[in-house]
């Protein structure tokens, strides 16, 4: 520890302590406040704050003489925060019944690091004439404040081994009152206190919030996958510019939903295979949630903006020819990737906690990716206004159908709301209300479902392709059935002809056999079936025989 830090005096629960004493005392109280002041440990353990750490002994100790601050085997602390490393036992060797959560040393160390960080920050930002000087209250840090109600976000480590359910801690705040005479005191103890009632987690509310995030995304994924297949597999749709943009927008929705579900199953769900990486703020966890919460979210906003720009250009000049959509692809996928990398570097340097799930304590870091989203929404709002103006202007050329055409324009504008993401304008400001958060998550999750219906299932060109494909499949199936029937008829006819030939052969053979038998029987009975030979005709007739020659002559 440097000499400059050694000379620091840090404020801890109303007391001014030296830097070394503050590190040791604050860290020991982190273990006590997070785990041991609640049942069942408060009933079965005796704890005492020692200069080097926290003395922990059974309430009914058989060896009470060993329960002293001078016994290192009973004094526990994080060694690097203790006044004397050799005078404490590391937290990893603490064995209790019932046992503490598996990662309790990690959460305790997080609290210790937050306390030491608070000590340094309050010293650096110390200002004169402050009613309430910066202090560490045992769980979190409150900076120099003027009289009023001071709010602080509930730290995740105070919940011990409970996992962060994505946005379960959002809106949970601790409150500390600053009076003109200093921090408010608790009447019973006469010590400074902080109201942590707002940090209580309602298990039922957390479960509802998780379901409100998962179920809409599952519905959207079920609708998005067939829509993407339709826009990808049909040649007449595959190479059209407008359907290419539609396809990328639907893909961004699908990737966001799938990554949300995968991260929940892998890191958050009870018994998840990678829950230890979430607990220890592992780099894999940080990258996974950065890709989901920043990259895919920014990509979705980018492609919503691309939809607005392309539609506006198409209406502005109906005969424009988009020769290449490569600029759209580079900007809508490349810029979000670049912003996500910058955001990750800033979180790594300034606020490397909680797998980067919750927003950073430094609002300027969050604006790195929130500002582009807000710019995309405002631009799309302007484009919708211009698109409606162009539509109304064109519809005025036919005044007879004006009411009908206006209704069409209004319906078209309403359909553009989810495609352009304009509903986010109503939920972009996060109100600390459970009902508002539920509505926001449902609208966010169902956006992919609504967009897939508008861009694919309600699109006449896409449905015509599907109908032709289905009709072709039916015709093909019908032709196959008819072919099978014809083959069966041919086989039946061939079989009948074969049977006829066999019957004919059998009949002929039977008839021949009967004839042969009859001939044999007659021959054996002395009856000749050959007629008697007539008198032989002379081989030569007399040359002068006139009676034979005259007929021949007369015929000639």
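Each Cβ is built from the backbone N, Cα and C atoms, and glycine gets one as well.
Automatic prediction, not curation, is the source of TrEMBL annotations.
Here TrEMBL flags 117-203 as domain 'G-protein coupled receptors family 2 profile 1'. Averaged across the domain 'G-protein coupled receptors family 2 profile 1' (117-203), pLDDT in this predicted model comes to 79.
Marked as domain 'G-protein coupled receptors family 2 profile 2' by TrEMBL: 209-459.
TrEMBL lists 210-237 (among others) with the feature transmembrane segment.
Long-range neighbours of the transmembrane segment (249-269) within the same chain, counting only residues 6 or more positions beyond its ends whose Cβ lies under 8 Å from a Cβ of the stretch, are 163-166, 210, 213-214, 217-218, 220-221, 224-225, 227-228, 231, 275, 277-278, 285, 288-289, 291-292, 296-297, 299-300, 302-304, 306-307, 355, 419, 445, 447-448, 451-452, 455-456. Per TrEMBL, the feature transmembrane segment maps to 249-269 (among others).
For 295-315 (among others), the entry in TrEMBL reads transmembrane segment. For the transmembrane segment (295-315), the list of distant contacts is 241-242, 245-246, 248-249, 252-253, 255-256, 259, 322, 328, 331-333, 335-337, 339-340, 369, 372-373, 376-377, 379-380, 383-384, 386-387, 390-391, 416, 419-421: same-chain residues at least six beyond its ends, Cβ to Cβ under 8 Å.
Per TrEMBL, the feature transmembrane segment maps to 327-347 (among others). Long-range contacts of the transmembrane segment (327-347) within the same chain: residues 245, 248, 286-287, 290-291, 294-296, 298-299, 302-303, 305-306, 310, 356, 360, 365, 368-369, 372, each at least 6 residues beyond the stretch ends and with a Cβ under 8 Å from a Cβ of the stretch.
The transmembrane segment feature in TrEMBL is assigned to 367-392 (among others).
Summarising the annotation, TrEMBL assigns transmembrane segment to 413-432 (among others).
Taken from TrEMBL, the feature transmembrane segment covers 438-458 (among others). Within the chain carrying the transmembrane segment (438-458), a Cβ under 8 angstroms from the stretch's Cβ atoms is held by residues 167, 208-209, 212-217, 219-221, 223-224, 227, 230-231, 246, 249-250, 253-254, 256-257, 415, 418-419, 421, 423, 427, 430, all 6 or more beyond its ends.
Positions annotated as region 'Disordered' by TrEMBL: 529-556.
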Six or more residues beyond either end and a Cβ under 8 Å away: which residues meet both conditions relative to the transmembrane segment (210-237)?
165-168, 243, 246-247, 250-251, 253-254, 257-258, 260-261, 264, 438, 441-442, 444-449, 452-453, 455-457, 461-462, 465-466, 469
